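For reference, the structure discussed in these notes is given below.
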Amino acid sequence: MREQGGNFHYGKFHPMKPHRLTLTNHLVLNYGLHKYMDVFEPRRATEEEIREFHADNYIDFLKRVTPDNQNEFTNYFSEFNIGDDCPIFDGMWDFCRIYSGASIEAARKLISGSADIAVNWMGGLHHAKKYEPSGFCYVNDIVLAILQLLRFYPRVLYVDIDIHHGDGVQEAFYTTDRVMTCSFHKYNGDFFPGTGSIDEMGSGLGKFFAINVPLQDGIDDNSYTQLFKTVMTAVMETFKPGAIVLQCGADSLGLDRIGVFNLSISAHGECVRFMRRFGIPMMVIGGGGYTIRNVARCWTYETGIVCGTELPAALPNTIYNEFFTPDYSLHPQLSGRVINHNSRAYLNALTARILEQLRYLKGAPSVQMQESPPDIQGFLETEESQKSDVQNDRLKDSREDRTGRREHVAEFYESDHDQDAEDDGQNMEV
């Protein structure tokens with residue numbers, strides 16, 4: 001976008017730093033990855049598109065409230081979960097429209113066949129609920145994108161490797177068999193958002209279609225990737241999705257400001273590489289990640305993976321070199337800070353439980369399904385409007401080289417040391 005998502009600012013002491021998107025963009029461009037993919041300028045999501053999932057009164061609130069007039073809306077703050085985690089900030093509604101519009105357009109690229117993999121690192125805000133924001137997330141772009149995909153694909157698989165449970169997406173599709181949600185996350189009952197027990201399996205037609213993989217602190221590369229591949233192989237064989245949405249929250253990396261895992265960038269990327277090998281249309285999106293220099297490294301590395309390109313370990317020069325001191329490497333040492341509390345016995349038992357759950361499904365649901373997920377009755381477009389969307393996509397498609405782009409004057413960044421600091425007593429998590 002001309003007004004990049006990285007220009008927005010949640011607040012000086014807030015751990016969510018959209019500037020990580022700017023760092024990622026510069027690394028991607030200076031590695032030359034734009035030469036291996038088509039780069040599109042998505043439009044902002046329309047209000048009507050966002051209302052396809054979110055409640056009218058909540059959207060009316062998001063549209064109207066600003067830092068300048070928020071005192072007029074304080075009576076609504078508790079109703080809409082406004083506070084330290086989800087503050088009112090300048091341009092908030094526009095920010096929501098930008099990242100949501102990009103995810104909606106990514107889904108449409110897959111549907112139209114103009115892309116086999118679509119990437120939107122702005123997206124992945126998996127905690128937002130129908131009626132309220134949650135965990136730094138205001139509009140659930142993932143749900144909006146999956147609703148688009150369900151117009152064309154009988155079954156959609158959602159995979160989440162953020163350290164936090166993908167609760168907003170699971171909740172949206174908890175009663176349908178057309179979307180399977182599979183989340184790998186820390187769970188102890190207290191860690192935000194407090195959901196994601198292995199016993200949360202879906203209900204009604206969606207019974208057994210919610211897969212949760214609850215993990216303990218400190219899981220390492222080998223344990224995580226082995227578990228991921230075992231579970232996802234069984235999921236793919238059982239569910240047989242037509243499209244995949246992969247949320248790549250980078251707070252599951254070691255040394256994250258909020259996270260407590262020991263994953264390297266290579267291991268995180270191996271999950272992306274593994275899902276890419278299935279050759280199924282896939283949307284790759286961002287999510288959490290609060291040590292922003294490592295978020296940028298991770299998403300750049302994973303952009304290389306989806307492009308089928310190996311990147312040299314030495315980072316290219318950018319105007320943000322100071323963020324990547326002292327090693328200037330794509331693969332810094334990130335493991336070892338947290339003791340691994342995931343025993344082999346625990347992981348084996350966890351795997352067995354999940355495989356047993358999948359056996360209850362007895363194969364993929366029928367293509368001739370009559371039940372639609374909540375809130376999409378009457379949502380399908382007419383054939384004429386679908387053709388119009390595809391034509392509009394083709395008209396907008398262009399390849400762009402922005403290596404020499406000047407920076408927007410509103411771009412904000414602080415010293416990278418901010419990402420290593422304590423939260424000054426605040427317990428904000430996503």
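Glycine too: its Cβ is placed from the backbone N, Cα and C atoms.
Fair warning: this is a prediction, and the values are worked out from it, not measured in the lab.
According to TrEMBL:
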ACT_SITE  H127  active site, proton acceptor
BINDING   D85, G135, Y290  substrate binding site
BINDING   D162, H164, D251  divalent metal cation binding site
COMPBIAS  384-418  compositional bias 'Basic and acidic residues'
COMPBIAS  419-430  compositional bias 'Acidic residues'
DOMAIN    14-303  domain 'Histone deacetylase'
REGION    382-430  region 'Disordered'
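Annotated features, which come from TrEMBL, shown on the structure.
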{"residue": "D85", "record": "substrate binding site", "Cβ within 10 Å": "22"}
{"residue": "H127", "record": "active site, proton acceptor", "Cβ within 10 Å": "29"}
{"residue": "G135", "record": "substrate binding site", "Cβ within 10 Å": "24"}
{"residue": "D162", "record": "divalent metal cation binding site", "Cβ within 10 Å": "26"}
{"residue": "H164", "record": "divalent metal cation binding site", "Cβ within 10 Å": "29"}
{"residue": "D251", "record": "divalent metal cation binding site", "Cβ within 10 Å": "27"}
{"residue": "Y290", "record": "substrate binding site", "Cβ within 10 Å": "25"}
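D162 (divalent metal cation binding site) sits 12 Å from G135 (substrate binding site), taking the CA atoms of both as reference points. On the backbone, the CA of D251 (divalent metal cation binding site) and the CA of Y290 (substrate binding site) stand 6 Å apart. For the domain 'Histone deacetylase' (14-303), the predicted model reports an average pLDDT of 97.
Separation of the C-alpha atoms of H127 (active site, proton acceptor) and G135 (substrate binding site): 6 Å, rounded to the nearest whole number. Cα-Cα distance from D85 (substrate binding site) to H164 (divalent metal cation binding site): 14 Å (rounded to the nearest whole number).
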